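Trainee: Pulled these features from TrEMBL for this protein:
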- A:K207: active site, proton donor (ACT_SITE)
- A:K107: NADPH binding site (BINDING)
- A:E192: L-homoserine binding site (BINDING)
- A:357-433: domain 'ACT' (DOMAIN)
There are 2 protein chains.
Amino acid sequence: MTTAPLRVGLLGLGTVGQGVIRVLRTNADEITRRVGRAVVVTHASARDPHRARDVSLDGIQIVADPIRIAAEADVDVVVEAIGGLSPAKELVLAALRRGKPVVTANKALLALQGNEIFEAAQASGVMIAFEASVAGGIPAIKAIREGLAGNRIEALAGIINGTCNYILTQMSEKGQAFADALADAQRLGYAEADPTFDVEGIDAAHKLTILASIAFGMPLSFDKVSVEGITKVTPQDIRIAQALGYRIKHLGIAKRTDAGVELRAHATLVPEDRLLAKVDGVLNTVLLQGNAVGQIGLYGRGAGGDATASAVVADLVDVARALGSDARHHVPSLAFQPSAVRELNVLPLADVVSSHYLRITVADEPGVLKAITSILAELDISIEAILQKEPQGGADASVAVITSVIPERRFNEAVARVRQLPFVRHDISRFRVEHF
Amino acid sequence: MTTAPLRVGLLGLGTVGQGVIRVLRTNADEITRRVGRAVVVTHASARDPHRARDVSLDGIQIVADPIRIAAEADVDVVVEAIGGLSPAKELVLAALRRGKPVVTANKALLALQGNEIFEAAQASGVMIAFEASVAGGIPAIKAIREGLAGNRIEALAGIINGTCNYILTQMSEKGQAFADALADAQRLGYAEADPTFDVEGIDAAHKLTILASIAFGMPLSFDKVSVEGITKVTPQDIRIAQALGYRIKHLGIAKRTDAGVELRAHATLVPEDRLLAKVDGVLNTVLLQGNAVGQIGLYGRGAGGDATASAVVADLVDVARALGSDARHHVPSLAFQPSAVRELNVLPLADVVSSHYLRITVADEPGVLKAITSILAELDISIEAILQKEPQGGADASVAVITSVIPERRFNEAVARVRQLPFVRHDISRFRVEHF
């Protein structure tokens, strides 16, 4: 086997790209001892190559046009650290079609265009590795694709967006409103200037799409994920949830049921004694339920240049080892052999079965509780917990209910009927409740 | 690539062996879809092949002499699920020397004889896989060897013996004495009739030996691990630790320091707000500290036939993929290239630097606290926390102290001096304190 350095062509010199350079340099000795050869960034491209950076670019050939790295330069593997759909997609496809393995952290690209990209990798017989696309440095993809390869994976749930988790943790610990916690997160660099992708749940849905595919052996199906964010979570809901013994977390959830597969990302009440409830701040966690292993969990830093670079470099080590071996010896991109990847029926939310949290603001009148509980009883919805808060200073009262496990369709009907009650105010809060 | 089934020769039909048969059958479809071929146990051996078992042996050729499976039978891979040193070692070596890959769950064998076994595997260019040897179904070895391959791993700590964790959890939750909790564990099948290996920390030390080797790139060095069990933990210590904000857990710990490597397995106080403190019962957890990724953690079931079989089957999938490829494409057994594995200086306990817990039973006399604190002050040991318990019903009082972070040699000196004080009773409890 050659002991010449593995030549890495790096697309993008942002946080992740710089992290890759730094980690490869800092840990050069360890990495070389593991791989049997050095792993070195030889070429890099960036939109603005002359911007000041935290790492030195000495010894790296800066290439103006990224397509030259992807398609022409004398590199053994291409790392795509640009993000976004274009030109990342064209560059990744160009590299794969030239027979160059690709390592990417780009969850949006894979969630939306992954099927085409994985096909291109398969056609060329080269690897595309993407551990860094989900949960930063936590080896969640390796755990699912390889570590649990003996299992039928029944469900997974993850706190996979650090921005949401940071904001919800701040709201919980400091009683902050969403907007204030978001502003703090932006000031600290945990949220972007335009936070939409994070706080609306889209980033978590991208990651969930990837996790579900490799767990269940289905094509990437982002358009079938039900997506909600955290913008509707109020400090009041967090307080009431706590009083009922729950924390509110933004989860990506994928579950197999007899009726089909559930794919959803949304704010969720989880019992406070579960480990999910205790993973706070910008930490990420992924829980996996396998039919042989039972439940296992992984947690750690889900973002940050070096944590993400840790995953990129682990992928580079895998690629370095596999280089020159026949594709039949590689781990399949989607964990299952391409010919064995199967479309699965994804349930619409109305068919999802879960417990629900409902908070209603009501005028402080007699008969309120009776009217609400009557509607629930008529629809055969049991009440697992109920909390009525006395009005303060002549204001309205609030009633919060945790329901039994029911099809969401029936809960929707209950909410619609409750909304018609004369004493019910406009703001009704509702969130799903899960007991992972 | 052949699509003929991968033929597995199974040595041992105990809990793990039966689990492997069951998991391979139950998940045959999922596994075949992942690997591209079926994985089937074709041959098996057992001390008593006619004993009643929970799985059917239909379709499996039962071979009286296990060496025939290891060295002769027409199998593609050998699973060693016998345990213990002999004949497991001879069988594993026979298989490797015949060029057959081996999957084993045998931590004692690897910790004690692993260097010879890995050499034999290297000489034959075949894989020996051992994910099941540590932490059951949790893919901890894969996380260290591959998932964190971009890191310099600075430290790891794990709850890696389910028996100890169950007993300590029972003692903590029910106030039971060690002997009573052990008896319960034995009744429930969580502890063996002879519990020595578990409760004296030897099993955890075996696993720690393996984890430290693959984390630091050093040969297996079981004889350099400092080993203590949980038999000296009392309900009183657990109560006092709780009052001070700590839980007592049995940990395997490996750390790099400038002076050398620490390898130790012992009961440890950990702050109650850490995730380590919250992993209870028979669950296992492994924390890893990498210089790029920061801290990540994994947890799940550390024992049980199906959880362990989950790891064995994951290894079988890895072996099936690698079969026929050159050894240079395999993950090195000890994570680092054999030529890069280096002896490291392992520190004696006296040189280990940590915080300590000390509990002293004293006659209820004036000047007690002053005498104790004077000794600590003379030795430049700060007190992080102190708890004096009033004597109950004319009995002796107790004083518990958490020290600053100091070399253990100095703490030993303090304990020796305290022991000489006239009012100090015989039972002095001491445990290390860690803040992972």
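The backbone N, Cα and C atoms fix where each Cβ goes, and this holds for glycine too.
Set these features in their place in the structure for me.
Mentor: Secondary structure from DSSP puts A:K207 (active site, proton donor) in a helix.
When secondary structure is read from DSSP and collapsed to three states, A:K107 (NADPH binding site) falls in the helix class. Under 8 Å, Cβ to Cβ, and six or more positions away along its own chain, A:K107 (NADPH binding site) finds A:F130, A:S133, A:V134, A:D203, A:H206, A:K207, A:I210.
Under a cutoff of 8 A between CB atoms, and with a sequence separation of 6+ in the same chain, the neighbours of A:E192 (L-homoserine binding site) are A:T163, A:Q186, A:D198.
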Trainee: Which of the recorded positions A:K107, A:E192, A:K207 have a Cβ lying under 8 Å from any Cβ of chain B?
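Mentor: Correct list: none.
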Trainee: What does DSSP give as the helix, strand and coil breakdown of the domain 'ACT' (A:357-433)?
Mentor: 24 helix, 32 strand, 21 coil
Trainee: Where does the mean pLDDT land for the domain 'ACT' (A:357-433)?
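Mentor: Result for the domain 'ACT' (A:357-433): average pLDDT 91.
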